[in-house]
């Protein structure tokens, strides 16, 4: 192959390979978080959450027209395609950067070094955690990164071709791409400083003066784009449409003037500004579509005022860069400590190390795992940074600027608080991308250095072999270790779980949902699939906003709301004192009763207390307790009251108790939702719960039993709601324990057993339910985090005649890496009590001691050993504890353990010593009395209590016990 075409061919191969891998691992349908919202908004051209992403919606609409595949999958393809393109652009960028200091590729050896190293850097980024995560779902971060990669590649290419008169076209393309990128996410404008540095170093010689001018020009350009174009330009519409028109015409005339007078720099700046505005004009889609009132119309930006509020993200507030959001968290000493340890360390450095050192696991708060990649990608990148700086300081500074601006600068700007609802690594992919440039350069530096040091004659063969080693050690290892975690194919949980929430509800229901993961997928199902559009979804987070309340009130299917629009605007959408006074909800104030009364369908009445849910200081006498309601609490009360039982009302099971306005006793579980019930105390509806779990949901437990599918911690936690429903229904039948006329046969087809379910005994019903739960949700695929729930299921099986199931679960639990000493002791106790497996019980007790050799654990194990008949081992442990330094509390535990072991003399000795030291301790005296009673030494007990009453004459219980002992001693005398 001619070297002329080798670079393009390798770029194409890299694109195709990453495209194939991303296609193989892309989600088959929607995923959780914002994906459902973006897909649904793309299909119906709705308005997603601020500040919107109009260009993404337009692109999404085009991809929905692909004539095959699930619609969610079609929109996911955007991320697949642009992510593969980003990896290819990274390769091309690294090649140009290496060529700049190493020279043009003239030989096969040069090609291996330059192209092979660039491929290593590109693949390392392509298989990194955050890039791969973004590449397989419908989110804006993958296309935002693509635009960053594109403008960085274009500016690097421009630097190589800047002497060509037509190279200015590349700068104009960059300007237009930046405008389009703003219509996806603002992260792209963070590439501007790096772009400015490339232009400066290419066109000017360095001096303090020229560099200062360059910095000023960069800041000016940044301000022109943000806030100029992004915030100020749309604001001119509030003055009148003539103003932006005048600005638009003025820019065009200025461009014409500059071109006519051959003022190159001015014309370039003006045309670039025009192209940025042109690209940014996609935001008109948001305003136009909102005026057509689509079903998803967040913030309702159909007026200039609301549109500006939408663009400025006013719904989320403005935290500012200072002060840092420390909030006096006791885990941090100061704002500075909070910034460095949490915001920089936890919220960026940890994410960065995930990419190139390794991630502990797919769960919230996961730390760094060195054993995954052995830090080889990180070391290669750091070597690349040093190597790049030594060979080409200017371009190394440019890459560093991109790395810093898309990483640490974002951290400083966002000022994130603790905790966050999810990991935020996806926002820093631009920084991880920039570091991957140095991985490629590091590979080149390593290869050249090794070849030079070894002075090999057959350089091509040896370089190819060494390149293969580096490829296997870095990108291939990253691919192998990350593949399972990032393979979303076959994962239908977001679709199926959300479908089952909707199908839980009766016709024309209202359902209160909690946040993104139980709202956006439901929007997708209703607006894209057309499923259960009779149900009105009411999101509790959005229920705190006036625009959403009015949409619920006026849009079909309408929600019964008594408040007028004026009242909503004045009192529910404001935060002044007058509005807040309406939500004042103090305890024990006769002027503001917190009890709500509601008439039931049978003309009865239900009453319940609504607890305050937030605290605001009210001055003198403020106790710090919650004393106000949120807007969402007032709205739930009003909706339930206005509905007056006409339509069924539900809460999704994901809604926390604090969001249920005290209705817990009136909620009945029917599956993945609780229905509000006029009757009190009906915890479950067994008939509907059975039908939902085993009939309605039956076809939508897809792949929850497939060990080849990876589910993250968030999904594991969500799926426990299925188990909770099964176990609550099983407990219902276990308590009733009625006989039956049929016998459960586990080998019989489940559908046949279900047909005869009513004829089974309640104990067989429980066994069938637990078997069904294990069939649909085996612990091997969807692990249960709670040790107690695993034991509870095992004990259920053992109680129903299948002790081997308990043993199996105990073995699985004991292998968990996070099993604590207390857990291991508990497993030993269960072995002992339920299975009589004394050998396994002893093993668990020994492992508990290995993990925790504290006196308290030794006491527990000593008691267990005594039950096992291991008296010598028990005595040895007790002797170890007794010879140590013991405080009063621990001495009492030792004495009590001797008492339980039947060594009464030892127990007496310890308690009598304690009674001398602490004669006024009721616990000590009580323990000593127990010893005396076991020894039937009632005379000593009488003396002890007599002495006690001299110091505590008002202790009536002691007097009664003293009389009892006196009767016993008098009886002995007779």
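Cβ atoms are placed via backbone N, Cα and C, with glycine included.
No curator has checked TrEMBL annotations; they are predicted automatically.
Annotation source TrEMBL lists repeat 'TPR' at 888-921. Secondary structure by DSSP for the repeat 'TPR' (888-921): 28 helix, 0 strand, 6 coil.
Per TrEMBL, transmembrane segment is recorded for 12-33 (among others).
Annotation source TrEMBL lists transmembrane segment at 39-59 (among others). Beyond its flanks by at least six residues, the transmembrane segment (39-59) meets 30, 71-72, 75, 78, 138, 140, 143, 180-181, 183-186, 279, 282-286, 289-290, 294-301, 309-316, 520, 523-524, 527-528 of its own chain at Cβ-Cβ distances under 8 Å.
Summarising the annotation, TrEMBL assigns transmembrane segment to 71-92 (among others).
With a threshold of 8 Å between CB atoms, the same-chain residues lying at least 6 positions outside the transmembrane segment (112-128) that come near it are 6-7, 10, 14, 18, 21, 83-84, 87-88, 90-92, 94-95, 98-99, 102, 105, 355-356, 377, 380, 384, 432-433, 436-444, 447-448, 460, 463-464, 467, 470-471, 474-476, 478-479, 482. The transmembrane segment feature in TrEMBL is assigned to 112-128 (among others).
According to TrEMBL, the transmembrane segment annotation covers 140-159 (among others).
Summarising the annotation, TrEMBL assigns transmembrane segment to 171-201 (among others).
According to TrEMBL, the transmembrane segment annotation covers 208-229 (among others). Remote same-chain residues near the transmembrane segment (208-229) are listed as 178-179, 182, 186, 189, 192-193, 196-197, 200, 273, 276-277, 280 (criterion: CB distance under 8 Å, separation of at least six residues from the stretch ends).
Sequence-distant contacts of the transmembrane segment (235-259), counting only residues of its own chain at least 6 positions beyond either end whose CB sits under 8 Å from a CB of the stretch, comprise 266-267, 270-271, 273-274, 277, 304-305, 307-308. TrEMBL lists 235-259 (among others) with the feature transmembrane segment.
Per TrEMBL, transmembrane segment is recorded for 266-288 (among others).
For the transmembrane segment (370-389), the residues of the chain that approach it from at least six positions outside its boundaries are 97, 120-121, 124, 128, 353, 355-359, 395-396, 399-400, 435-446, 470, 473-474, 477-478, 481, judged by C-beta separation under 8 angstroms. According to TrEMBL, the transmembrane segment annotation covers 370-389 (among others).
The transmembrane segment annotation in TrEMBL covers 396-414 (among others). Counting same-chain residues at least six beyond the ends of the transmembrane segment (396-414), those with a Cβ under 8 angstroms from any Cβ of the stretch are 97, 148, 152, 187, 190-191, 193-194, 197-198, 201, 321, 343-344, 347-348, 352, 385, 388-389, 427-435, 437-438.
Taken from TrEMBL, the feature transmembrane segment covers 459-480 (among others).
Residues 51, 53-56, 140-141, 143-145, 147-148, 150-152, 154-156, 158-159, 210-211, 214, 217-218, 221-222, 225-226, 229-230, 268, 271-273, 275-283, 394-395, 397-399, 401-402, 405-406, 409-410, 427, 430 of the same chain lie 6+ residues outside the transmembrane segment (171-201) yet bring a C-beta within less than 8 angstroms of a C-beta in it. Counting residues 6+ beyond its ends, the transmembrane segment (71-92) has Cβ neighbours under 8 Å at 7, 10-12, 14-16, 18-19, 22-23, 26-30, 35-36, 38-39, 42-43, 56, 59-60, 63-64, 118-119, 121-123, 125-126, 131, 134-139, 142-143, 145-146, 149-150, 152-153, 433, 436-437, 440, 495, 524, 528-529 in the same chain. A Cβ distance under 8 Å defines the sequence-distant neighbours of the transmembrane segment (140-159), meaning residues of its chain 6+ beyond its ends; these are 38, 53, 56, 59, 78-79, 82-83, 85-86, 89-90, 92-93, 96-97, 131, 134, 167, 170-171, 173-174, 177-178, 180-181, 184-185, 187-188, 190-191, 194-195, 198-199, 201-202, 402, 406, 426-427, 429-430, 433. With a threshold of 8 Å between CB atoms, the same-chain residues lying at least 6 positions outside the repeat 'TPR' (888-921) that come near it are 855-856, 859, 862-863, 866, 874, 878, 881-882, 927-928, 930-932, 934-935, 944, 947-948, 951-952. For the repeat 'TPR' (888-921), the model's average pLDDT works out to 85.
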